[in-house]
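S.K.: Right, I'll just put the structure down here and ask away after.
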Amino acid sequence: MKNKAGFVALIGKPNAGKSTLLNTLLNAHLALVSHKANATRKLMKCIVPFKDKEGYESQIIFLDTPGLHHQEKLLNQCMLSQALKAMGDAELCVFLASVHDDLKGYEEFLSLCQKPHILALSKIDMATHKQVLQKLQEYQQYNSQFLALVPLSAKKSQNLNALLECISKHLIPSAWLFEKDLMSDEKMRDIYKEIIRESLFDFLSDEIPYESDVVIDKFIEEERIDKVYARIIVEKESQKKIVIGKNGVNIKRIGTSARLKMQEVGEKKVFLNLQVIAQKSWSKEEKSLQKLGYTHQRNRD
């Protein structure tokens, strides 16, 4: 059997549809999806097997990254570092651009990325045929920069095989790096954490989801049930009250939604205990961010 394997960084502006694309390719709910921008904060490996036209069995290890953006906030700098690290670690990059985006995001990507890359135009189901053709034509001015230009829709599963075929074509023959049926090397507790964060984005408005994080203090994995004890961290007491809601209505909704998603992913019952605490300025202090697993690379003179 002929095998290929390789790491592919999935890069794009916030809300380009990176996590939706990966969940569709995996046919599973692993990556955090939200209509709000900048929901993804940390790097996640997602493993997609694919048999290409040349008969190679390819193991494509996608590196799902936070949206490519620049902000002064320390947390956002940590997120940008994750994307830059993924580009450095990968053999190949895929830049995902929404059909509604201008070209500035791609131009920024070109200034940062030294690796060969594929340009994928996402959300084509949300535009007319004329609009898609016009956007493809606009990107053609950069045709010397990318390996291929692939229009697709993750939501409608359009042209996804074309993307995988193109990726596989540019991977080198190699033994597989992970077990055959593995979808991610993430621990279940980390996947559960992201599911709780996703529920925060689903049920809370304004800045609260961006000024919150989740810590799983205790995780007990049993044969028939997983027991999860987690804290939702916010920055202000006023935010804590909103997360809990009157008579606990908000935290109940968040908890129920998260638990049902956990049970679907883990394929077993889940007991979920959620607490809410206020920790002033946690997203602005480097020590607090390090404790939560966020790091960033400082510029060197």
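Any Cβ shown, glycine's included, is placed from N, Cα and C.
Feature annotation from Swiss-Prot assigns GTP binding site to 12-19, 64-68, 122-125; the stated evidence is sequence analysis. Marked as domain 'Era-type G' by Swiss-Prot: 4-173. Per Swiss-Prot, the feature domain 'KH type-2' maps to 204-280; the stated evidence is sequence analysis. According to Swiss-Prot, the feature region 'G1' maps to 12-19, an assignment based on sequence analysis. Annotation comment: Swiss-Prot describes 38-42 as region 'G2', evidence class sequence analysis. For 64-67, the entry in Swiss-Prot reads region 'G3', with the evidence type sequence analysis. The region 'G4' annotation in Swiss-Prot covers 122-125 and is backed by sequence analysis.
Could you place these features in context, so I can see how deep they sit and what lies close by?
M.R.: Proximity of distant same-chain residues to the region 'G3' (64-67), defined by a Cβ-Cβ separation under 8 Å and at least 6 residues beyond the stretch ends, is recorded for 9-16, 18-19, 22, 31, 37-38, 40-46, 79-80, 82-83, 86.
The residues of the region 'G4' (122-125), classed with DSSP into helix (H, G, I), strand (E, B) and coil, number 2 helix, 1 strand, 1 coil.
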S.K.: Inside 10 Å of the Cβ of GLY12 (GTP binding site), count up the other Cβ atoms and send me the figure.
M.R.: 25
S.K.: Measure the Cβ-based neighbour count of LEU68 (GTP binding site), defined as the other Cβ atoms within 10 Å of its Cβ.
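M.R.: Taking all protein chains shown, LEU68 (GTP binding site) has 24 Cβ neighbours within 10 Å.
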S.K.: Among the binding-site residues listed here (ASN15, THR65), identify the one with the smallest other-Cβ count within 10 Å.
M.R.: ASN15
S.K.: Counting Cβ atoms within 10 Å of each candidate's own Cβ, which of the binding-site residues LYS18, ILE124 comes out highest?
M.R.: LYS18
S.K.: Sort the residues of the region 'G1' (12-19) into helix, strand and coil with DSSP and give the three counts.
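M.R.: Secondary-structure breakdown of the region 'G1' (12-19): 2 helix, 1 strand, 5 coil.
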S.K.: Find the average pLDDT over the domain 'Era-type G' (4-173) in the predicted model and report it.
M.R.: 88
